[in-house]
Amino acid sequence: MQWLRTVAALREQVASWRGSTIGLVPTMGSLHEGHLSLIRRCRQECDHTVVSIFVNPLQFGPNEDWDRYPRDEEGDRALCEAAGVDVVFAPDPQEMGADPATAGDRTWVMPPESLLQTLCAPHRPGHFRGVATIVLQLLNLVQPQRAYFGQKDAQQLAIIQRLVQDLQIPTTIVPCPTVREADGLAYSSRNRYLSAVERQVAASLYRALRRGYDHWQAGDPSAEGILAAARAELERTPELRVQYLELVDPQTLQPLSEVKDKGLLAIAAYVGQTRLIDNLLLSPEGVDPLPQEQQSAVPPSPKRGRRPLIAIDGPAGAGKSSVARAVAAQLQLLYLDTGAMYRAITWLALQRGIPLDDAEQLTQLAAQTQLTLQSGPSADEPTRIWADGEEVTQAIRSPEVTRWVSQVAAVPGVRQELVKRQRLIGRDGGAVLEGRDIGTHVFPDAELKVFLTASVGERAQRRQHQLQAQGQVVSLEELKAQIEQRDRRDSERLISPLRPAPDAILIDTDHLSQAEVEDKIVRLYRQLLERSGAAHFDII
C-alpha cells in the first residue's frame with residue numbers, strides 16, 4: 001500500500017493504472033466499520049482502490065470542530081493495509097488549496113440552491129459548498145470510474161450525484177447502506193466524542209427514525225403522521241436537543257407531504273456537545289437489517305496460512321491480563337502482554353529522569369531499549385519482562401508507573417516503535433494479545449476480537465487486591481480517581497484512542513468470574529475453528 005501526500009505523486013500513480021478500473025472512497029479519516037464497508041465494496045468492484053483521507057477545512061464553520069476532529073493516522077494506515085487498499089491519498093490543506101487563510105480567493109463549486117433549503121444546509125451555511133469543491137477536486141485528480149459514498153450523509157450524497165450529473169463527470173456515484181451498531185446507532189467518527197451515558201442517549205435517534213418508518217409501513221403515508229410518530233419517540237429522551245426532523249424526497253431534498261414512492265426521514269440532534277445526524281429511506285425495499293448480537297458474536301473464519309489471533313482490549317482493570325494469560329494457556333497459544341512493554345518504557349523514563357512530555361526522547365528510548373518477554377511459569381503469574389537486561393517485572397506494576405503509562409503510550413513515536421515489535425511477534429498467528437488498541441490498530445485483522453469492560457468500582461477493587469498481594473496499601477477512592485483519570489486519557493487521546501473494534505465482542509465482567517470470562521473466549525475460539533474446518537490447527 002502506498003501512502004501519498006502530494007498531488008504529483010497521486011497523478012503519477014493513477015496514470016500507471018490507465019486501462020484499469022479505479023474506485024475512490026473519499027473520507028475524513030478516523031476510519032470505522034462504515035468506511036470499511038465502502039472500501040470492501042470498492043475492492044470487489046474495481047481493479048484499484050484509492051482512499052482519500054482529508055479533514056476538509058472548507059466544510060467546517062467558524063465554531064465547529066475542525067481543530068479537534070478525530071485524527072488517527074496510525075490506525076487508519078493499519079486498517080487500510082488490512083483492507084487491501086492500493087493507495088491512501090492524505091494531503092494537507094495547503095496541497096489541496098484549502099488553507100483557511102487563503103481559501104477565500106480560490107474557485108468554489110456552488111451546489112444548486114434547491115438542494116440547500118432543507119436538512120443540514122440551513123444550519124451549516126457554506127458546508128456543502130466546501131464539500132462539493134473538494135469532492136470535485138478529488139474526482140478530477142483520481143478520475144475514478146466509481147466513487148463510493150455512504151447513505152448516512154444523505155444530503156451530501158444527493159448533492160454529489162447532482163454535481164456529477166450536471167457537470168457530466170464520467171464517474172458512477174455508488175450509494176452504500178448505512179452501517180449500524182447492534183442498537184442501531186450509525187457508525188460515525190464523532191461517536192468518539194460521546195461518553196458512556198451519551199452513547200446510550202444517542203441510540204434514541206435510530207429508535208425515532210424506526211418508529212416513523214414503522215408508522216409508514218402500517219399504512220399512513222402522510223408526513224404529519226410519520227413525523228409525529230418519530231417525534232413521540234424523541235420526546236422520551238429529553239437529553240436530546242433536536243435540530244431538525246424532516247421528511248424529504250431523497251433526490252430533490254424537497255419537503256414531502258406524503259410518501260408516494262420513496263421518502264427520506266432525516267434527523268440532526270445534539271447529544272451533549274456532539275452533533276449527530278442519521279436518516280432512513282422509506283422505500284418498498286425496506287430497511288437494512290441491524291447486525292444481530294448473535295451474528296456479531298460469531299467471529300470470521302481465520303486467515304488462510306496462520307493460526308488465529310485473539311485480540312483482547314479494554315480499559316485498565318477490566319481483567320485483560322489475567323484472562324489473556326489463562327486463555328493462552330488453555331489453548332496452548334503464545335501470550336503477548338503488550339501493556340508490559342509500554343510500562344517498561346514508562347518505568348525507564350521515570351528512572352532516567354526523561355520528561356514525560358518530551359516525545360523525541362521517549363521515542364528514542366523506545367527505539368533503543370531491548371525488551372525481552374517471557375511467559376510466567378503458570379497462568380496465575382504475570383509475564384516476566386527485562387529492559388536492557390534488567391528484570392522489571394514487579395517494578396513496572398507500581399502505582400507511579402500505572403499513573404503515567406497512558407501518557408507515554410499516547411506518544412506517536414513510542415507507539416510506532418512498540419507496535420512494530422508486536423506485529424513481528426504476532427504476524428504468524430497462534431497468539432493472544434491484550435492491550436487497548438490491539439483489535440483497532442495493532443492487529444485490525446485479528447480473527448477473534450474481544451473487548452472486556454467493568455465498572456470503575458469493580459476495577460478499583462481488583463487493583464487494590466493486586467497491590468495488597470504485593471504488600472502495597474492504596475485507598476479505594478484513590479484508585480477510583482486514578483482509573484477514571486486514565487480512562488479519560490486513554491479514550492480521548494488522538495492516537496489510537498481506547499474504543500472497541502467494530503467487530504469486537506463486548507463482555508462486561510462485573511458479574512462474571514474470571515473462569516466464566518475465560519470460558520466464553522475459549523468457546524468463541526473453538527467455534528471459529530469449527531466454522532472454518534480448521535481441525536488441522538491441532539489446538540489442545
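Cβ atoms are placed via backbone N, Cα and C, with glycine included.
Its Cβ taken as reference, His35 (active site, proton donor) is surrounded by 27 other Cβ atoms within 10 Å in the chains shown. Residues or ranges marked as active site, proton donor in Swiss-Prot (evidence: sequence analysis): His35.
DSSP classifies Val179 (ATP binding site) as coil under the three-state reduction. Sequence annotations record features per position, and here Swiss-Prot assigns ATP binding site to 28-35, 150-153, Val179, 187-190.
When Cβ atoms from all protein chains are considered, those within 10 Å of Gln156 ((R)-pantoate binding site) total 22, not counting its own. Per Swiss-Prot, the feature (R)-pantoate binding site maps to Gln59, Gln156.
Residues near Gln59 ((R)-pantoate binding site) in space but far in sequence (CB under 8 A, at least 6 apart, same chain), listed by position: Gly126, His127, Phe128, Gly130, Val131, Ile134. Marked as beta-alanine binding site by Swiss-Prot: Gln59.
What Swiss-Prot records for 1-280 is region 'Pantoate--beta-alanine ligase', and it gives sequence analysis as the kind of evidence.
Positions annotated as region 'Cytidylate kinase' by Swiss-Prot, on the basis of sequence analysis: 281-540.
Taken from Swiss-Prot, the feature region 'Disordered' covers 288-307.
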Non-local Cβ contacts of Ser189 (ATP binding site) (under 8 Å, 6 or more apart, same chain)? Met28, Gly29, Ser30, Leu31, His32, Tyr69, Pro70
I need the CA-to-CA distance for Val179 (ATP binding site) versus Gln156 ((R)-pantoate binding site), whole Å please. 17
Which residue among the binding-site residues Met28, Leu31, Val179 has the fewest other Cβ atoms within 10 Å of its Cβ, if you could check? Met28
So how many other Cβ atoms are close to Gly34 (ATP binding site), meaning within 10 Å of its Cβ? 22
Just jot down the residues in the same chain as Gln151 (ATP binding site), at least 6 apart in sequence, with C-beta under 8 A of its C-beta; none if empty. Leu157, Pro175, Cys176, Pro177, Thr178, Asn279, Leu281
Given Gln156 ((R)-pantoate binding site) and Gly34 (ATP binding site), what distance in Å do their CA atoms have, once rounded to a whole number? 16
